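Lifted from TrEMBL, the feature list:
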type: DOMAIN; residues: 25-252; note: domain 'Major facilitator superfamily (MFS) profile'
type: REGION; residues: 224-252; note: region 'Disordered'
type: TRANSMEM; residues: 25-45; note: transmembrane segment
type: TRANSMEM; residues: 65-83; note: transmembrane segment
type: TRANSMEM; residues: 95-118; note: transmembrane segment
type: TRANSMEM; residues: 124-144; note: transmembrane segment
type: TRANSMEM; residues: 151-170; note: transmembrane segment
type: TRANSMEM; residues: 182-202; note: transmembrane segment
Amino acid sequence: MGGDSDVDTASEGVRRRPPMNPRGLLFLFVSASLVTYVDRGAIASNGVNSEGVQQDFGLSDFQDGVLASAFMVGLVIGAPVFAEATKYYDGFSCMFVGLTIWCLALLWCAVSPGYGWLVAARCMVGLGEASFINLAAPFINAVAPRESRSAWLAIFYATIPVGIALGYAYGGLVTGQLGLSWRWALAIQAIIMAPFAVVCLVQGARGVGSKLMALAAVQQAERDEGEEAMDTEVSPLVGAEEAGAPRDSAAR
């Protein structure tokens, strides 16, 4: 009994005093997500791909397709690994590791001497990204005001099409308007993402991720209790309707 009371008290404290400013967390995740999807668009853009990578390495259409989708290998492998890691380590610490891998992988892409190295680097990009996509939405849902949760999640997921579209424009801007190599287009993304990785490191040291996971667990328990209460209220009504059905049929 006492243990349950202590847990409830701690959970209530986390609920009333979020461990991180909600709008700050939304800004962090929206910005980081936007950068990751800009990369998706940039690697497929004419400036980076057709006029850059394909020409430099003499790639066939098949090789080009493999390059564009190679990140999925790392993503599929990394998603369950990072999901399991969050059971033992702070979520923000896991994201710091993942985003650091992502930044280093982009730098690896930028200096790759050949096609094989570039494909391997793109796989590592997906591995790093996996840490982020596992936790961003649950964390946003945990701290968002109840009446704004859908809107906040919509803003977060809007970064997917917006980021990819910006990536195409970004690739053309860097290689076309600025006259830089496609390698610079990838390296600049790593530089932009680095501050977000540092923020995750700081928040992880504060244990913010673990507190947000606790808050998310409390909210899920409340939803489960609400569903059970609703089922309890509805069941007698359904039973009464079913019991009354034969009498109605007989009357007719």
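Glycine residues also receive a Cβ, built from the backbone N, Cα and C atoms like all the rest.
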Can you work out the mean pLDDT of the predicted model over the domain 'Major facilitator superfamily (MFS) profile' (25-252)?
85
Same chain only, please: residues at least 6 beyond the ends of the transmembrane segment (95-118) with a C-beta under 8 Å from a C-beta of the stretch. Say none if there are none.
32, 36, 39, 53, 57, 59, 63, 67, 78, 82, 124-125, 127-132, 135, 183-184, 186-187, 189-190, 193-194, 196-198, 200-201, 204, 209
Which one of these stretches, 25-45, 124-144, 151-170, 182-202, has the most C-beta pairs shorter than 8 Å to the transmembrane segment (65-83)?
124-144
